[in-house]
């Protein structure tokens, strides 16, 4: 006997009787009643062998997650290695005095935020594998070239180009995951990306310290940081081009039965995936959707926490009395605690199919951490507060993005929504580089206070989204119970679509 289960989509699908026989009003009544029953259950069933599905998901995770994780790991290393290079002597070589270093950090986000929306809309046109391979190739060349810059102007140019290229990456990865995994599977896979950035933060300093000790020819240690990391980034090109599937139904690593399961899963999520043909109407819908802007404001606040956290953590550790290699070691458990917290919470969130309670809780935890950082003069207390902040700083940006992805239906509307959210959110990178300035060290009262305010504003955004989406779901339940279906409503506005809360 086949071991199977019903794969249930998170929206109900219309069920109609055969249209080949003209049976008049009786069939219409029967169709409406079936659809009402489907609405009340909130699900549509597609019979799939659960063992085959489990096998397919395992293969997808083993192939896709390491590739996209590697890409984001190297991207995060390559954008943040400017800090390590500065400590290794770049500031003296390129005369990064006064506010020049802060400008070099912030300038990265100028083109980064401008390309996010148009680039993510193009993903399906270009094909994910080709687009990601090209981005990897181009940014690897830029990072490698950064090791040979000899002036402040040259550094600014490479930072601008790097921002332009990396701005295309994360939205593309996020959108790609929504085409591969169902809504209730996505948050856990997004957590792998943020796990990669956490690992970059934890071990990037140690890796840079090792490269700093390299003295070959006339090249300084900071130059080798760029050169070696740029060369490693080239690995992402063949990984993306030859191993990453553009269409999960035709994946090279799935057997015929597993490909059939992938096809059935896509059919069950047809409303969510949307039409494959580009439609400007879908793009316009995103720009008119209020929930996307509320999500974007909360994402801005969450990213402010993440970017600010990476700025002040080394200083907190330094003030504890650790220097050099020791300080790099001391930051590792802080980053790891944040990564582990997100992995656990993302798993629980996917299992329960809820997002907002975890986001609200993470915000409250981060707020407590910042209050301690502002109020305490104790280095031990401040270091403890870093762990508290870390628990919330990855959950916020990762899960809020996943929540948006879950609640926007239709490929091109979702692509545009991701671009809008990330464009607004990543502008926080420009601000974070300015509010955490060296002259306010070691306490960073202004930076911590501003970031605490962002945490609270983001928290309000999560609560507003929760109640507005719950209200929308309840109204749709009422209409469905009365058999009132508006066929003109499509995507996530349709009567048969339910938002994740």
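Yeah, the Cβs are placed from backbone N, Cα and C, and that goes for glycine too.
Checking TrEMBL for transmembrane segment across the ranges 36-55, 256-275, 356-375 points to 356-375.
Residues 291, 294-295, 297-302, 304-305, 308, 312, 356, 359-360, 363-364, 366-367, 370-371, 373-374, 392, 396, 400, 403, 407, 428, 435, 499-501 of the same chain lie 6 or more positions beyond the ends of the transmembrane segment (448-469) yet place their CB under 8 Å from a CB of it. Long-range Cβ contacts of the transmembrane segment (190-211) within its own chain (Cβ-Cβ under 8 Å, at least 6 residues beyond either end) map to 65, 68-70, 72-73, 76-77, 80-81, 84-85, 88, 170, 173-174, 177, 221, 224-225, 228-229, 310, 314, 324-325, 328-329, 331-332, 335-336, 338-339, 342-343, 345-347, 394, 397-399, 401-402, 405. Most Cβ pairs under 8 Å with the transmembrane segment (292-309) belong to 381-403, among the candidate stretches 60-77, 132-150, 329-349, 356-375, 381-403. Within the chain, the transmembrane segment (60-77) has long-range Cβ neighbours (under 8 A, six or more residues past its boundaries) at 132, 136, 139, 166, 169-170, 173, 176-177, 180-181, 189, 192-193, 195-197, 199-201, 204, 207, 229, 232-233, 235-236, 239-240, 243-245, 248, 251, 253-254. Here the listed stretches are 103-125, 132-150, 156-178, 329-349, 356-375, and the one with the most C-beta pairs under 8 angstroms to the transmembrane segment (381-403) is 356-375.
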